[in-house]
Amino acid sequence: MNLSACENGAWSSHHWGWWRGPGMEKLERVILGTKAAQQHPEEVRSLWQTCRELMFSLEPRLRHLGLGKEGITTYFSGDCTMEDAKLAQDFLDSQNLSAYNTRLFKGVSQDGKPCYEVRLASVLGMEPALHSEMTSKLKSYEFRGSHFQVTRGDYAPILQKVVEHLEKAKAYAANSQQEQMLAQYIESFTQGSIEAHKRGSRFWIQDKGPIVESYIGFIESYRDPFGSRGEFEGFVAMVNKAMSAKFECLVASAEQLLKELPWPPAFEKDKFLTPDFTSLDVLTFSGSGIPAGINIPNYDDLRQTDGFKNVSLGNVLAVAYATQREKLTFLEEEDKDLYIRWKGPSFDVQVGLHELLGHGSGKLFVQDEKGAFNFDQETVINPETGEQIQSWYRSGETWDSKFSTIASSYEECRAESVGLYLCLNRQVLEIFGFEGADAEDVIYVNWLNMVRAGLLALEFYTPETSSWRQAHMQARFVILRVLLEAGEGLVTVTPTTGADGRPDAQVRLDRNKIRPVGKPALERFLRKLQVLKSTGDVAGGRALYEGYAAVTDASPECFLTLRDTVLLRKESRKLIVQPNTRLEGSEVQLLEYEASAAGLIRSFSERFPEDGPELEEVLTQLATADARFWKSPSEAPSGQA
């Protein structure tokens, strides 16, 4: 029986509940009967034995990301808890080491004390390197009664491949900024140095308006349960000149628009550093997901002093947010046509504001290593308390390290709220070409989309652990809660019964109350978010954010019950098929694939035609070498639990 990989995937998904007993045996016969298994019997059988139980396990811990008994992650060994993560973060802060390119492995030393290996991703291992800023960090430490060992060499064979290709790319650098940027990336991935990546990012920020844009590194921390470690990702994209022209106009108006945000000037950056803002069409984006927009780099110190770049990914928006009328859930019939017409244009506005003036706004109050403050302690007043500033960030502390588990979602919520708040501004809408009735429709659909997204977000909430699995979704649910709290009929979510007789729900937004009710509510919420972020008030920030993010069955909304309805009515998740490129002599060929599961798999399988088998072998070796860290104590070899 020869089924394609696509058919195997579809078959496995369709028979998800068959994995025990005879169902598993049938699935095994299908997999071991494929062409791949016939050509590579030992490899396929070994891979199947490794993943068969885990792939279809319904054990709660294996169903979502988390630490210890709460979930699974490979950023930490399986025995690490949230307390271990907090201790490790404090250690890293004390040594001025970033967590972005690290993993943490826990053990017990001979004296019975906990011992932790902080492993940096790099080409080089523990061998000394001349003139390396990292060499002095690679040693043993004692910290709060525990042993810490800083090592490097994680993912060395893969990063060696990255470095080899970055070396080749230097020959095609368009200017000195790109050349120095690539040199620093190479230094970063070779040595395991985040400081080198920061230097490379500075040159990247200075490289204004390239036709082909790219970025690479340990970037987003969404998938780290603690919120500090970055996922390795990279992209290459081309500028969409027409949409970029609108974003350039938005950038030109940014300093004036920042003054419209609902916090005092002292809580805004001392100087607005004019960023690049381009609309890009993605050629390839490597990572666990493809975003609609990006504001990078994520390093707080660079964002405060050097600036950042904003990117809107136009062809991702066009595909990911396309909606068929018959699949539109939870909206009134009279809203559906309006929603379909204006969802795309309104989302362009939202992404622009979210990235440029959401992520790009706000100041962190910092005391540096010399004890100097970047704000006036005597004159700056907390608008929420009427008192002088009582808390701030110390040297070595960052937004991610301080707010940890809520940092990503909190920041996405702040940026989304800025987008909703400023889309009411006439000047913004005119920049995007909307006036009169069209402008009002854009506002309405943007707010309606956010409210609906808040309801849809419940799919990503796990009741068993009272946890959220996706930062943006949690953020949108929080905004829904804020707007519901505003009252006066601004937003209502009503359980209903669908035409099929099954549970359904309906979201209503009163467009006449967006300005008089919605805007003041968002204004109060945004000010609190920014003040708590600026002052590093973790306790206050957690109380505010986790309060709104709580999912209960309290009336009138009964969100836990609504979650069941959301799952019942959910649309199939979209898959994005990316093209590949191939060099034929001096010509670059673009290889495109059909929009199907088969096309997606072909795209992956043909991505590395020259060294695919080698990469597959390396990945298998790396996974095997570390597998012991995620085995249960009964499975682990003696001395390795």
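In case you wondered, yes, glycine gets a Cβ from its N, Cα and C as well.
Noted in TrEMBL for the protein shown:
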{"type": "BINDING", "residues": "His354, His359, Glu412", "note": "Zn(2+) binding site"}
{"type": "ACT_SITE", "residues": "Glu355", "note": "active site"}
Same-chain residues at least 6 apart in sequence whose Cβ lies under 8 Å from His359 (Zn(2+) binding site): Asn295, Phe308, Asn310, Glu411, Ala415
Which listed residue (His354, Glu412) has most other Cβ within 10 Å, given these are binding-site residues: His354
Cβ-centroid neighbourhood (8 Å) of the Zn(2+) site, His354, His359, Glu412 excluded: Gly293, Asn295, Glu355, Gly358, Glu411, Arg414, Ala415, Glu416, Val418, Gly419
Under 8 Å by Cβ from Glu355 (active site), counting only residues of that chain that are 6 or more apart: Phe277, Gly293, Ile294, Asn295, Asn310, Val311, Ser312, Ala415
